[in-house]
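What follows is a single structure, written as structure tokens, with notes after it.
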Amino acid sequence: MASSSRSEKRCHYEVLGISKESSPDEIRSSYRRLALQRHPDKLMKAAGLSEAEATAQFQELVHAYEVLSDPKERAWYDSHRSQILFADHSSAGGSKSGGSVPDLFAFFSPTVYSGYSDTGKGFYKVYYDVFNSVYLNEIKFARTLGLRMDSVREAPIMGNLESPYAQVTAFYNYWLGFCTVMDFCWVDEYDVMGGPNRKSRRMMEEENKKSRKKAKREYNDTVRGLAEFVKKRDKRVIDMLVKKNAEMEKKKEEERERKKKMEKERLERAMNYEEPEWAKAHEGEDEGAGLSELEEEDDDAKRKNEQLYCIVCSKKFKSEKQWKNHEQSKKHKEKVAELRESFTDYEEENEEEEIDGPLDSPESVEELHEKLQEELNIDNEERDVKKEVVGEADETDDEYFVAEEDMQGSSESEDEDDEMTLLKKMVSGQKNKQKNVVSKEEDEDETEVEIEGDTAEFSEFDNQKSTGRNKEAKEERNKQNAGNDMADDTSKVQIPGEGGNPDENMNATESASGALADSQKDEANSMEYDNRKSTGRRRRSKKGKDKNNQGELNEKSSEADDTQYVNRDMESQDYKKAPRSKKSTRGMKTKGTTKKNSSNECDRCGEEFESRTKLHKHLADSGHATVKSR
């Protein structure tokens, strides 16, 4: 019986006439070719076989193609091919290794059943007996080992063609997820108790565990593979798949019909639609709308092409999100703060230039020149008044003043020359500043060159002016003190004149005091103007840089023109020599020390004064002037 069963079994590759390395396309083409040759009708006519034999050969061909066309079944068949070919289906109730495990490989073939009945060799009878034997073996092993009865779940019944589909689903779900409770101790390779030492026994135990695990995994895979094999050929499952496919096709057809109907209705509504009058747009508006859309598209394209760029940090950004994150960064905020501070400093400097603006214009230079000339005229008038007052008081002392004027004439002329030189430099410097400002506005990007000569002249001029102001302030205090003394003694003392008229002497005294007060006011205004002017020069001296060599040539030519201009003005004016210069005080004192009588003591009354000015005022008021012998 066993030999006959083995002779009936053939390898699937042999049935299809292909090799084990054949591709799915080769398997398909071979099956189609053999299906035409081994059709039952052709076999009965050509070979003269019976209908049963012809049908059996054709079913063998179909079964081989079904197994090898499925990648999973083909892989499982390749790994268990020898066991399937040499297994005996009659040992299903028996066992291997002491009857513990039933032999299931013999049932991976359609030859074990005939028809789908639940009796005899029917499909449901044969496979029910196989799965029932597996379940009973699990119960027996659990009882032998003393395991709990709930460790083995109850298996659903396979049923027949009349069973509900829920029972079919439950049956296959149970066996597709099967897991045995057997430990497969009979597959041990080594006898652990016969080990010579502890280490060897431990190694034997490890090898036996691996063998048991492998046998258990193979048994579970065999049972699950058999369940999948049976499900694929179960007529109930096949009929349910056909039914489900028919329902799916029906639903798809209904969905297509519904969509067609909806599309048809939509087209009908669109054809019957009439636009109301208020919704009709004029052609011009449509064109305008089209142009606006094109402009919007162009703007969008420009925005895409535009790159986000941070001017402060000199960085480019690909997205607006990166740009916003950069604006919130600490480095960006610090650089923005620095830039804002630099802008603020620049604005403050511009405001300072605007405050000093009138000094930089040509009109301001002319006004400055006129004002300086007026100051010179006022100084000349003041000196004339002083000369008249002193001349009237010291008429008897002409020889004394003539000798003193001869000794001081040279120093006074030198002081006047120094003062005119400073005046020329000041006027020239003002015009040079105006041209520097204009050239700076026109050529902002050219190289800045510092004019050391002008800076040196301005610094020298400032030093001389500051020294002169200190001396003028000291003389002004002396004049104020002398003026107060003169005001107190005016009503008591008469200045002797040529005619000896007291009224004329009083008028001369009053005119002298008025001229002295006016000169003091003018000197105060002049000092305030000089202070403001020197402050503006110091503020602009930091920025007094020329732009190019042409600016230097223009400065030199303008300086020469200004010098000629000042000389012409000086020649047109009738300057009178002052009897005593403000800046000649040092020279006068130096020359005075060479005289025999260097003390400030009155020869007549013997009173000593702090300065020669007070001594002269005392001589003028008291008439104690005497003629000195040569």
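Glycine too: its Cβ is placed from the backbone N, Cα and C atoms.
Predicted, not measured: the structure shown is a model, and the values here were computed from it.
Residues annotated as domain 'J' in Swiss-Prot, with sequence analysis given as evidence: 11-81.
Swiss-Prot lists 197-218 (among others) with the feature region 'Disordered'.
Residues or ranges marked as compositional bias 'Basic and acidic residues' by Swiss-Prot: 247-283 (among others).
Under the heading region 'Disordered', Swiss-Prot lists 247-302 (among others).
The compositional bias 'Acidic residues' annotation in Swiss-Prot covers 284-299 (among others).
Within its own chain, the zinc finger (308-332) is flanked in space by residues 339, which lie at least six positions past its ends and keep a Cβ under 8 Å from the stretch. The zinc finger annotation in Swiss-Prot covers 308-332 (among others) and is backed by sequence analysis.
Among the features that Swiss-Prot reports, compositional bias 'Basic and acidic residues' is placed at 319-328 (among others).
Feature annotation from Swiss-Prot assigns region 'Disordered' to 319-604 (among others).
Per Swiss-Prot, the feature compositional bias 'Acidic residues' maps to 344-357 (among others).
Here Swiss-Prot flags 391-420 (among others) as compositional bias 'Acidic residues'.
Positions annotated as compositional bias 'Acidic residues' by Swiss-Prot: 441-460 (among others).
Feature annotation from Swiss-Prot assigns compositional bias 'Basic and acidic residues' to 469-479 (among others).
As annotated by Swiss-Prot, compositional bias 'Basic and acidic residues' applies to 519-533 (among others).
Annotation comment: Swiss-Prot describes 534-545 (among others) as compositional bias 'Basic residues'.
The annotation compositional bias 'Basic and acidic residues' is assigned in Swiss-Prot to 546-559 (among others).
According to Swiss-Prot, the feature compositional bias 'Basic and acidic residues' maps to 568-577 (among others).
For the domain 'J' (11-81), the DSSP-based tally of helix, strand and coil residues reads 55 helix, 0 strand, 16 coil. Taken together, the residues in the domain 'J' (11-81) have a mean pLDDT of 86 on the 0 to 100 scale.
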